[in-house]
Amino acid sequence: MVDVEEKSQEVEYVDPTVNRVPNYEVSEKAFLLTQSKVSIEQRKEAAEFVLAKIKEEEMAPYYKYLCEEYLVNNGQSDLEHDEKSDSLNEWIKFDQELYNELCKKNESKIKELNEKIQKLEEDDEGELEQAQAWINLGEYYAQIGDKDNAEKTLGKSLSKAISTGAKIDVMLTIARLGFFYNDQLYVKEKLEAVNSMIEKGGDWERRNRYKTYYGIHCLAVRNFKEAAKLLVDSLATFTSIELTSYESIATYASVTGLFTLERTDLKSKVIDSPELLSLISTTAALQSISSLTISLYASDYASYFPYLLETYANVLIPCKYLNRHADFFVREMRRKVYAQLLESYKTLSLKSMASAFGVSVAFLDNDLGKFIPNKQLNCVIDRVNGIVETNRPDNKNAQYHLLVKQGDGLLTKLQKYGAAVRLTGSDRV
């Protein structure tokens, strides 16, 4: 009876359109400005885009943060010193007049939204109306890049009697603030709260959105195995256009899938994925990672390193989530392809192996030496004879020991079960 009364008191919440706040494209383009390996042309376009969006979306707090903190602390000074880069600072230079103009617009809009909240509370309007008013104000703070006020204001709507689904929407908006500023500790905390809410009553659509959010978080913190599972699954159910684009999700799924999936799954879930195939012709980043994936799967070693370098430049470096993992990814993909080639041989000459990859013997010798000492590759180099000898573990011996171990475990369980049965029988007597 109590449950029925509680449910009747909860205000029915009509799901609103999920607004794209903050604008993830602004954050992604701003990241490009800090990368000296990105072309001058790309950074110029990024600067123009960011400034246009700052003006359009009245982002005074973000504009100040961008110019006085982000670009100063994240490497804009590392730009190449050529005749073009001398003017680069001018593209994103702090303009006090523009900032003051944006601040006035912010103050006017915030005042208007606060007055609506005050009127609703004075008129003792329903919980739903008050909650939506707080959400509107919080989303405006999110839009302009005011993280602290956005979180605090959106949090006030959670205290209203709104549905679990509505609360999940609010928490996902708060989580997007963390993605926008690439604060993954913040994101982790908020997504844990979202997951708790979903377990209490999240619908199918919100569960799928959470899957995408958590998948990108896993990508950002280098949990590629979990990211691959979530992002590959998200391809068929993606709706989180407020967080990222479908093209980006496809690229992330391809990167993590290539890194973690075995050959059979790689073929079915990535190479032959209809969702990915439909985007390749129009998505440059996806073309690079797809070419790398196919070269590995088809053992096309001659084209593997060129595609790996292309992926590094076109996919990893420009991505704010993958950039910090770029060198790690390239290193591990070299190890993976070496292991795949050596799997087919007991011995192989360094010259033949170097020729297969289109590199020098000296480079290959040095590169293999990075993986062999710590057993990341099961082989040794015989420099006297110029060959690589594999020393893979004896699979049959390993299988035998595993069988014995599993048999012992089964025998122990059967003995315990037998003792329990005998005890039950004696009790009955």
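Note: Cβ is positioned from N, Cα and C throughout, glycine not excepted.
Fair warning: this is a prediction, and the values are worked out from it, not measured in the lab.
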Phosphoserine per Swiss-Prot, picking from SER39, SER77, SER268, lands on SER77
Per Swiss-Prot, the candidate from SER8, SER85 carrying the annotation phosphoserine: SER8
Spatial neighbours of the repeat 'TPR' (131-164) not adjacent in sequence (6+ beyond its ends, CB under 8 Å) are 9-13, 16, 19, 21-23, 57-63, 65, 102, 106, 109-110, 113-114, 116-117, 120, 170-171, 173-174, 176-177, 180-181, 197, 200-202
Per DSSP, the repeat 'TPR' (131-164) contains 27 helix, 0 strand, 7 coil
